[in-house]
């Protein structure tokens, strides 16, 4: 049982290995080629020797799978000096806790928690903050469930999320989302660096600022410039660190993680301490306005010193002198200065107190003062110089959606575990468990922190983004125990580490995408140092990071990376939903707790969050992803990864085919669905590539095109050639979109019949057959070629399909040519459904024919009113909405010329003579056609055979035909003379000849005398007359037209006249460069009605 379950995968894996599909689809990434000699040393399996050349024994396959290892996206490949050791010593494999849980924890908890969460709680209130965090955490949890399903559906090599999406949704989505994820990771690096500088310049060393805000309102601008200068320096420094020693970054990861965990423990410890002994952080209020304590020390207007009342520094900030009688700010004079506790503690009731609580939101405009609600305040006359006062101002306009955009990056990082899949003992067990546990833990931390911050800290302090009211302390730090510095230092190191890790991970992700070769213009970033370090990718990452640094505001960078991460998560959910709904046979995840509804909900939530955060950023991100998708679709390498989108396309195609009715479409929907019959040469190349060019000009990429060809023989012998013929199809070269179908048949004739009958599927069947005129139907060695042609004409008519025959196809234009002038002439002799009107219209949609004018000619007989005909035709074209010149050509009855009579006679004599010579199977060895005989050689052959009456009569016939040909018109001579019976050479031996002579003496005598004395068939003479006459008229009007479309006469009902039919068509189109003979299917294909 064990063997049978593994046998199918063995075939699949090995087939992909042999076929040279990209190396991650093979499980044998790190293994050398198998030694073929060891494959079947014993003879126990001799019966399977044939298979063993291509497929391995099950035992050797299992051995390969057991030894399968995989490098991670991390650092393994960069420690070149340890490579040799690594081959000998087995890599220590990581479990769920170290390998997935901790990296996810470290990536999720970060800069936003320390720098912005208190401010979000203060601004949005506890309830709305809870909703924000819950939405974001639900989004990542649903994504983690989808990701777990994908990650446990087979081995996930390094490349993590990019690999999962590209292999589930195909190269187009994979490339687009992979690059979005890359941009997200890169901007995350910029955000962490900005967070690092903010902590450094605001809380650790404010004196280190290069630019100082001298005038009022200049502080914010100075801070941005400081961010840009310091940020650029840190980017350069970090890039050098990553370039020189990646392994040290990874070894420091645990130190950074320890900082984060210690900081969070300090916060919880501080909360517990506030219940017992709240810390002393007094806040100074003027009326209900919060004051920034950076400019003064004592929170009072006056102080008592040596029994003397003196004004304080605060007084000087609002008044024009230090005297108590000085002119002061109106609001300062009317309101008292009060001091309240910034951290009243968890038991104080600030969360649900009666007077004021932190449950509800307090959104504000940019530049407004942070005020305490329900605090007594008397408003004075409107302040003129509020900007210069020591109030705490809001630096950006706040509303719900802005806060969502700023908060979302703090829940990203859920892919950290799957990115390390190669280093895990059991990735399929560890990734789901570790990721979901990490998200649960961090969600609990975030949600509990929201409630605790709201319960412990005064509202005005929460809304004070940079802690100006608490002496410039980090607001979270004021809550922490034992000291604010625990949080400040911890957050500084954690943001530093996170920035370094972004700069380590992003270039590897770009390198993985570049090495897949699906986006041609980034392939240069696949190269790196000898040890695999992605140097070029690192430079690009640093450059994109610099863009984020130049934006300089953490609040502006956060929504950008939110977009890219949300898009990535949206596609992870889409991938899982698509695979589940399609029930792909290969979709068998070990993780069972997923459902397509959850994935769909996750996808909807991601999309909603994108537009909630910022609708214009969302549209830009979608546009970027859309452009990459279309670029990969247009230029990218063809990759077959067995992705879900391919399965989705198949399902959609099946659904659409079932919806399309099998019957004929309505006239308004009719368009030529072409079956193109091609001839292949001995190397399986197309003989007439211009036929494909003409197809694409006619179709302009719309409708169905099936390119069909026939190989003579049996399928068992020709199957390799068939595959080669399908691969070497020129369709791609000529940019013809469609399907290729090669039929192998013992006879060419039957093969074409099979194609006409069976090509297509359901409602997607062809309704028109396009083929080239058999130029060499007279002299070809296969004298049945004209019979094949005529039978094809008959079969298309029987199948009620239209037929287009392109004559002189090699003179037709390529897709690169452009006609700057000229006409497309339509000769409308009989109405057969309007094909003749529709084809020029379709051709003129293409660039090649666009500048050509359409002219329609119709023929008037003796009893027709040509003036009225012209008016009617113009009206008909007006209703058809076609622009064309109209001309009625009058063709009167006149006597049949001697030329016509002689041409008919010559044609019939030739046919009769071929019959008399018994060109059939029993005498094929007696007669052979010479493809190039000179008159002299024929003369010599004839002299050698002048032994009796029969030969004399035969020679007379030959000479007669040659003379007739020389007398005929030069144009006819060019076409017909090449195939005259002068080419027939008699090679009869004396014995054979005697036997033949006695066999049927009387018949032969009478037969050859008949040829001399025969009169042409009247019906044939009439037909030849029409052909010659019509040809003259067409030549007169359309000799210089770029293309002539003609009604194709039907073949004779009596099969005996087939060869004559070919001659009529030859005469009809003589002297014209490009001709398209059109035979309608008999049904209307164009209508005047809307």
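Count begins at 1; order follows the chain as displayed.
Glycine residues also receive a Cβ, built from the backbone N, Cα and C atoms like all the rest.
Per TrEMBL, the listed range annotated as transmembrane segment is 129-152 (candidates: 9-32, 33-56, 57-80, 129-152).
Checking TrEMBL for transmembrane segment across the ranges 369-393, 594-618, 619-643 points to 594-618. Listed ranges 517-535, 536-554, 650-668, 669-687; the one TrEMBL annotates as transmembrane segment is 536-554. Range annotated as transmembrane segment by TrEMBL, chosen from 153-172, 253-272: 253-272. Within the same chain, the transmembrane segment (94-117) stays apart from the transmembrane segment (594-618): fewer than three Cβ pairs sit under 8 Å, each pair at least 6 residues apart. For the transmembrane segment (229-246), the list of distant contacts is 75, 78, 190, 193-194, 196-197, 200-201, 210-211, 499-500, 503-504, 507, 533, 535, 538-539, 542, 545-546, 549-550, 552: same-chain residues at least six beyond its ends, Cβ to Cβ under 8 Å.
Counting residues 6+ beyond its ends, the transmembrane segment (482-500) has Cβ neighbours under 8 Å at 106-107, 109-111, 114-115, 188-189, 192-193, 195-196, 199-200, 203-204, 234, 238, 241-242, 249, 252-253, 255-257, 259-260, 262-263, 266-267, 269, 473-474, 476 in the same chain.
Applying DSSP to the domain 'SLC12A transporter C-terminal' (803-899) sorts its residues as follows: 29 helix, 25 strand, 43 coil. Sequence-distant residue pairs (6 or more apart) of the transmembrane segment (173-194) and the transmembrane segment (560-582) include at least 3 whose Cβ atoms are under 8 Å, placing the two stretches in contact. Counting same-chain residues at least six beyond the ends of the transmembrane segment (560-582), those with a Cβ under 8 angstroms from any Cβ of the stretch are 139-140, 142-143, 145-147, 149-150, 153, 161, 164-165, 168-169, 173, 177, 180-181, 183-184, 187-188, 191, 405, 408-409, 412, 548, 551, 594-596, 599-600, 602-603, 606-607, 609-610, 613-614, 617-618, 620-622, 625, 644-645, 647-648, 651.
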